[in-house]
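Per TrEMBL, the feature compositional bias 'Polar residues' maps to 1-18. For 1-23, the entry in TrEMBL reads region 'Disordered'.
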Amino acid sequence: MDNSQSASFNAGQAQGQATVKKDQIVDKASNAAQSVKDSMSEVRNIAGQAGQAVMDKASGAADAVKDATGMKK
């Protein structure tokens, strides 16, 4: 193998390694994005549950005030 063939071979190897590295980085970024998406979904679920709990407590408090003041019908 002459120098030209060797250089071409080495360039091909480097390009292949760069492609593999790029694919690994893209996979990691995709996994990170999916993780963020899953976390945000969980946060929305928890926030919705917390909001419902607050609404339930406020409704209960309003009913208690209505009962105490005789305004409940």
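One-based numbering along the chain as shown.
Just so it is clear, glycine is given a Cβ too, placed from its N, Cα and C backbone atoms.
Note: TrEMBL annotation is automatic and uncurated.
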Same-chain residues at least 6 beyond the ends of the compositional bias 'Polar residues' (1-18) with a Cβ under 8 Å from one of its Cβ atoms are none
Counts of helix, strand and coil residues, the region 'Disordered' (1-23), according to DSSP: 21 helix, 0 strand, 2 coil
